[in-house]
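Chemist: The structure is given below, and queries will be raised subsequently.
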Amino acid sequence: MNPFHDLEPGPNVPEVVYALIEIPKGSRNKYELDKKTGLLKLDRVLYSPFFYPVDYGIIPRTWYDDDDPFDIMVIMREPTYPLTIIEARPIGLFKMIDSGDKDYKVLAVPVEDPYFKDWKDIDDVPKAFLDEIAHFFKRYKELQGKEIIVEGWEGAEAAKREILRAIELYKEKFGSKE
């Protein structure tokens, strides 16, 4: 089984999607799912003394403008593990440019955590936490000499639109599994 190609994008897209976690919150190791084999590989250890502030992964059967699966960040109170599947509710869209490429990311919360039951949109997230996420992504490649431009945040509706677009981009690239 290759989770990138064989899992659905979610049980109720775009309201609830599957987040396939590659990197748990608190990690300095950057793992990536190998798109051909479905195995997880260590891409690199972060050059800077930063760690991921969220669980980080992809939405299965999506493709994005950076020529990779569509990224998703899930706010977790405790880290999960690589290759964990989380039913996640999109609440925002983080917009950034990575070395000249559009590299937007969905921000989501786990459906099965009652702590986040009232978090429906970006305005429900404390600004200090959004600033922390933005700071991480602005600086995490700095010691590699790569430039990241943070464009800011948009709400849940923007995230849902991009998820649907990313599913269509996947179908264009890989064909439909339906």
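Note that Cβ sites are derived from N, Cα and C of the backbone, with glycine treated the same way.
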Chemist: From the candidates Asp34, Asp43, Asp55, Asp103, give the one listed by Swiss-Prot for the same Mg(2+) 1 site as Asp66, Asp71.
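Modeler: Matched candidate out of Asp34, Asp43, Asp55, Asp103, per Swiss-Prot for Mg(2+) 1 with Asp66, Asp71: Asp103.
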Chemist: Based on Swiss-Prot, name the residue from Tyr115, Tyr140 that is recorded for the same substrate site as Lys30, Arg44, Tyr56.
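Modeler: For substrate, Swiss-Prot names Lys30, Arg44, Tyr56; of Tyr115, Tyr140, the listed one is Tyr140.
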Chemist: Work through the binding-site residues one by one (Asp66, Asp71, Asp103) and name whichever has its CA nearest to the CA of Tyr56 (substrate binding site).
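Modeler: Going through Asp66, Asp71, Asp103 one by one, the Cα closest to that of Tyr56 (substrate binding site) is Asp71.
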Chemist: Might you list, by sequence position, any residue in that chain lying six or more from Asp71 (Mg(2+) 1 binding site) with a Cβ less than 8 Å away from its Cβ?
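Modeler: When sequence neighbours closer than 6 are ignored, Asp71 (Mg(2+) 1 binding site) has Tyr56, Gly57, Ile58, Tyr64, Asp103, Tyr104, Lys105, Val106 within Cβ distance under 8 Å.
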Chemist: Using the Cβ center of Asp66, Asp71, Asp103 as the Mg(2+) 1 site position, which other residues in that chain lie within 8 Å, going by their Cβ?
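Modeler: Checked against the 8 Å cutoff, the neighbours are Tyr64, Asp65, Asp68, Phe70, Met96, Asp98, Asp101, Lys102, Tyr104, Lys105.
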Chemist: I need the neighbours of the substrate site defined by Lys30, Arg44, Tyr56, Tyr140. Which other residues of that chain put their C-beta within 8 angstroms of the C-beta centroid, in sequence order?
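Modeler: Checked against the 8 Å cutoff, the neighbours are Ile23, Arg28, Asn29, Asp43, Leu46, Tyr52.
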Chemist: What is the number of other Cβ atoms found within 10 Å of the Cβ of Arg44 (substrate binding site)?
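Modeler: That number is 12.
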Chemist: Please report the distance from the Cα of Arg44 (substrate binding site) to the Cα of Asp66 (Mg(2+) 1 binding site), rounded to the nearest angstrom.
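Modeler: Between the Cα atoms of Arg44 (substrate binding site) and Asp66 (Mg(2+) 1 binding site), the distance comes to 18 Å.
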